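Heads up: the structure comes next, in structure tokens.
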Amino acid sequence: MTEPANLPPLNATLARVTERIRARSAARRADYLARIDAAAAAGPARAHLTCGNQAHAYAAMGADQDALAKGRAPNVGIVTAYNDMLSAHAPYGDYPALIKEALREIGATAQVAGGVPAMCDGVTQGQPGMELSLFSRDVIALAAGVALSHNTFDAALYLGICDKIVPGLIMAAATFGHIPAVFLPSGPMPAGLPNDEKAKVRQQFATGEVGRDKLMEAEMASYHAPGTCTFYGTANTNQMLMEFMGLHLPGSSFVNPGTDLRQSLTVAGAKRAAEITALGNSFRPAGRVLDERAFVNGLVGLMATGGSTNLVLHLPAMARAAGIELDLEDFDDISSVVPLMAKVYPNGLADVNAFHAAGGLQFLIRHLLGAGLLHADATTVWGDSMADYTKEPKLIDGALTWVEGPENSLNDKILRPVVEGFAATGGLKQLAGNLGRGVIKVSAVAPERHVIEAPARVFHDQEAVKTAFKAGEFTTDTVVVVRFQGPQANGMPELHSLTPTLSVLQERGLKVALVTDGRMSGASGKVPAAIHVSPEGTCAGPIAKLVDGDIVRLDAVAGTLDCLTEGFETRAPAQPDLSANTHGMGRELFETFRRNVGPATSGASSVL
Ligand SMILES: O=C(O)[C@H](O)[C@@H](O)[C@H](O)[C@H](O)COP(=O)(O)O
Ligand code: SF4
């Protein structure tokens, strides 16, 4: 590895964007840092509590009570998103006991501070529950705040992986930025039925070529074990972010669950949290790790890997919790200088296990550092150099050891160095035009489909699209508009269940695109989709003025999204009855979120 001293200077665009973020955030960040510095200076968390407070906190802690009551050893709070619904989170069931045992070995203690909810978007995909999905990110931040407000912790361990869980936990970790935060992953499930074969069976089911039994067989062969799903969707994009932003141990993201190496990494991560508290000599509060450099490094990783479009919503909300204001122009400028270096499904055929075997994140970080495309001097939970993250963990003679990751890609169909990237720019592109602002993930779309101009068919829900498809109504090039799917309308659900239908039309030779104020899954990909269109239809956004037959042009090369039909702006916006969105499957509990949620362009948060 090139020693940090020999690394090239930071890329000029990254330096400019970082300074722009710093300037834009200056006042907010200064207030934030003053608050967390004051909280940290007030001394170890437990010193504030009365004897009564502490007795309650330690009553159930058995053999750890004495150590806790003495108050001299670090006490680590565990915030866990364990449940059996997410295959990725199921392994967390065993973590608290393992963590407590590991910390006892070094004279420290751990307590489960609290649990947070976690929704599996695979279970709710295409279902009413998906309308709670995006709001659940903020609920997770709130729930983690409740857990940490017991204020008996010198550091926190966050057990979360999937879509809104890492973003929600980061919002909490930044809010409690006066104490350190270490994120502990569980790792991907072993490879099952390849993702592209699963997608093919779904398309065959959509056209009636196979029955539900065949579809179920394929789905169960694809999602078959504990661990994160193996496509490069939002969950695995989150894992990439946790390394690029320095909140995981180096190389820990994609080690499979249930292995000795995984267990050793969990133990080491727990001990690291205890080592970096204010009680020791290497204090690393989360608010100092989550700085402008960390977010720029995260954006670089997002572009280099063609990560999930959901992070365009989540990163601004995560940053704001740390007093940092991200803007969509930051995404665009960083995308313009960072090549696409990885091809993992849906951007390619490989799954995340194959990506990791080809060299994974350590290869990416090595080559991005070597090209001046990362802040090398970022503060992480592990040290003060991103050079630490070119190393990967191994068990050598039973001892956890970090060794340099591969200099060369072990599979250039999956992973390439900066100078040989699969594309000269990153996987995401901002769009703007007379239909508002949006984003498209170009890394998974064939170049010949980057510009689509066709008549619109306008729908108000995804089921209506499928009904029209089954009735054979799509016979020509079409821009499918699905509107009133924004944050205020119905919580901005993912419309990924449209992917098989739109893919069939595309494979029949039609030029199709989706335009929506909703969002797509990180697993969506090969159909061009302009998503997160703002202002949303419910806020009288231009998308609400479209009618069937309008000519719509989505141009991912120029970054434009326009209706070309004369005079469409003068129309009154459609105002459909959305009352069906307000009840059922818990949606009645989220009216406050729908009323208070901000626009997609600033992260669609109801709390920050
Ligand atoms: O953003 C994401 O990555 C998705 O939300 C993902 O977590 C979701 O579960 C997909 O729906 C899974 O893909 P399938 O629905 O195709 O199984
Ligand atoms: S990756 Fe998606 S489908 Fe898989 S466990 Fe996580 S939320 Fe569920």
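Each Cβ is built from the backbone N, Cα and C atoms, and glycine gets one as well.
What TrEMBL says about this protein:
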- 74-388: domain 'Dihydroxy-acid/6-phosphogluconate dehydratase N-terminal' (DOMAIN)
- Cys162, Cys229: [4Fe-4S] cluster binding site (BINDING)
- 413-604: domain 'Dihydroxy-acid/6-phosphogluconate dehydratase C-terminal' (DOMAIN)
For this session: Restricting to the same chain and to sequence separations of six or more, state which residues have a Cβ under 8 Å from that of Cys229 ([4Fe-4S] cluster binding site).
Result: Ser87, Ala88, Gly122, Pro188, Met189, Tyr223, Ala235, Asn236, Ala523
For this session: Compile a sequence-ordered list of residues in the same chain as Cys162 ([4Fe-4S] cluster binding site), six or more apart from it, whose Cβ lies below 8 A from its Cβ; state 'none' when nothing qualifies.
Result: Ala81, Leu86, Ala88, His89, Ala118, Cys120, Asp121, Thr228, Thr234, Ala235, Asn238
Seminar exercise, completed: Confidence over the domain 'Dihydroxy-acid/6-phosphogluconate dehydratase C-terminal' (413-604), expressed as mean pLDDT on the 0 to 100 scale, is 96
